[in-house]
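Asker: According to TrEMBL, the protein carries these features:
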REGION    1-21  region 'Disordered'
COMPBIAS  10-21  compositional bias 'Basic and acidic residues'
REGION    236-317  region 'Disordered'
COMPBIAS  271-303  compositional bias 'Acidic residues'
Amino acid sequence: MPKKKTGARKKAESRKEREKQIRANREHVEVAKHPCNFNMECDKCQRKQKNRAFCYFCNSVQKLPLCAQCGKIKCMKSSDCVIKHPGIHSTGMAMVGAVCDFCEAWVCHSRKCLSTHACVCPLTDADCIECDRGVWDHGGRIFRCSFCQNFLCEDDQFEHQASCQVLQAETFKCVSCNRLGQHSCLRCKACYCDDHAKSKVFKQEKGKAPPCPKCGHETQETKDLSMSTRTLKFGRQAGADDEDEYDDGASGYDSYWKNLASGGRDPQDDYREDDNDEDDDFDEDEEEEDDEEEEDEEVEVEQAADSMAGLKLDGTA
């Protein structure tokens, strides 16, 4: 029989498990909380922006640069520095070692930061999913959508997340069969049943939800989300503005009755008046054409009479 674990042994194992989890969480820092994505206020133009080497608006260098990897603004007496400064606390440009090509922020002259930041920079492929702008194209911070985990710029952050939980289908059925989709992929905007959620390409980790068989993103249960389906509106559009109420010719019945109740004119009267005006114009055009035809006939009759008179004179002669 296996040995029974003592209380001290159980405590030691749980402590090791907690330390392991803390180390794992320390490596996976959220994009918004990473030092290369901190808020920065320019010393010259006083505008808030993402932490960067040069101001996005006035291109000025900050007095106290912040390291994009460790987040420090002052280098203490340490042996890890590439440039040695014994007995001196270096700040400003004396602490700077490089500029990251991905996040456009300063990296301090620490050997560890210089050798590791370029490989683990969280903004390596940080192009906004909505506007396709990178870090160098706008001055704001970078975020991740809490549903599909795609990168978002500061301008499109809330607008995208408000419309992210919409499926690219009109029902909650599985894309491969006709059963109800219990697992939803918020990146592909599709639902899968228990059988079709299993993939031979992407392996499912123990204790986690099955990955999407199409993109490999972790799925979530549909009942835990406020998912909605794609809706298509046909016919009359209700709730139109007063100014554009009858511009497109598709105003709703609600707007129609509200307009009549407020003492407004019936829009059908305007249509009838337009039709009457068109009919009058058409009648006038027909009358003018008839007059022109009658004049043409009279001219032809006169020409025929003249020609007959000429023939008679020739015969008598």
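Heads up, residue numbers simply count up from 1 along the chain you see.
Every residue, even glycine, has its Cβ placed from backbone N, Cα and C.
Are these features on the surface or tucked inside, and what are their neighbours?
Answerer: Long-range contacts of the region 'Disordered' (1-21) within its own chain (CB-CB distance under 8 A, at least 6 residues past either end) are absent; none are counted.
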Asker: May I have the DSSP-based helix, strand and coil counts for the residues of the region 'Disordered' (1-21)?
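Answerer: Per-class counts: 15 helix, 0 strand, 6 coil.
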